[in-house]
Amino acid sequence: VLSAABKSBVKAAWGKVGGNAAPYGAZALZRMFLSFPTTKTYFPHFBLSHGSAZVKAHGZKVABALTKAVGHLBBLPGTLSBLSBLHAHKLRVBPVBFKLLSHSLLVTLATHLPBBFTPAVHASLBKFLABVSTVLTSKYR
């Protein structure tokens with residue numbers, strides 16, 4: 001559960017991301033694909049090379065979903081319900097992959113925002129991404 005301080009940290013950190021959300025989302029996907037090759041399984045039709053249009057487009061989708069979630073921290077289940085249905089019932093993404101993407105996103109944010117990525121912000125973002133992952137996997141049962 002995100003505390004008031006966590007929510008404040010998440011909103012402030014995501015605000016620093018600003019217009020870079022889509023490129024950071026794509027970079028996080030690239031990191032995940034390179035670091036955890038089994039995650040490529042769900043993207044057999046994508047060109048997964050560096051800078052590909054498909055990875056950029058999917059990175060933008062990830063970033064848009066996270067931006068929406070940041071704007072609705074008090075109702076993540078309601079906000080992400082459609083995405084949860086999609087990933088559980090249609091795409092059947094391995095729940096572990098959300099943790100791997102979360103890790104890759106944290107590394108990406110730490111790389112681009114080193115002065116703002118304090119231990120407290122890191123912890124708050126980690127909790128937030130864990131909550132998002134929990135919501136996205138909640139309909140797998």
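Cβ from N, Cα, C; glycine included.
According to Swiss-Prot, the protein carries these features:
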- H58: O2 binding site (BINDING)
- H87: heme b binding site (BINDING)
- 1-141: domain 'Globin' (DOMAIN)
- S3: phosphoserine (MOD_RES)
- K11: N6-succinyllysine (MOD_RES)
- K16: N6-succinyllysine (MOD_RES)
- Y24: phosphotyrosine (MOD_RES)
- S35: phosphoserine (MOD_RES)
- K40: N6-succinyllysine (MOD_RES)
- S102: phosphoserine (MOD_RES)
- T108: phosphothreonine (MOD_RES)
- S124: phosphoserine (MOD_RES)
- T134: phosphothreonine (MOD_RES)
- T137: phosphothreonine (MOD_RES)
- S138: phosphoserine (MOD_RES)
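Looking at S3 (phosphoserine) and K16 (N6-succinyllysine), their Cα atoms lie 20 Å from each other.
Ranking the modified residues K16, T108, S124, S138 by Cα distance from the residue listed as 'heme b binding site' puts S138 first. The domain 'Globin' (1-141): residue composition by secondary structure is 113 helix, 0 strand, 28 coil, according to DSSP. For the pair K11 (N6-succinyllysine) and T108 (phosphothreonine), the Cα-Cα distance reads 17 Å.
A gap of 13 Å separates the Cα atoms of T137 (phosphothreonine) and S102 (phosphoserine). With respect to T108 (phosphothreonine), the closest of these modified residues in Cα terms is Y24, chosen from K16, Y24, T134. Across the structure, S102 (phosphoserine) and T134 (phosphothreonine) place their CA atoms 12 angstrom apart. Annotation for K40 (N6-succinyllysine): spatial neighbours F33, L48, criterion Cβ-Cβ under 8 Å with sequence separation of six or more.
If you measure from the Cα atom of S35 (phosphoserine) to that of Y24 (phosphotyrosine), you get 16 Å. Sequence-distant neighbours of S124 (phosphoserine) (same chain, 6+ residues apart, CB-CB distance under 8 A): L2, A5, B6, K7, B9, V10, A13. Cα-Cα distance from T134 (phosphothreonine) to Y24 (phosphotyrosine): 22 Å (rounded to the nearest whole number). Across the fold, the C-alpha of S138 (phosphoserine) and the C-alpha of H58 (O2 binding site) stand 22 Å from each other. Non-local neighbourhood of H58 (O2 binding site): G25, A26, L29, F43, F46, each in the same chain, at least six residues away, with C-beta under 8 Å from its C-beta.
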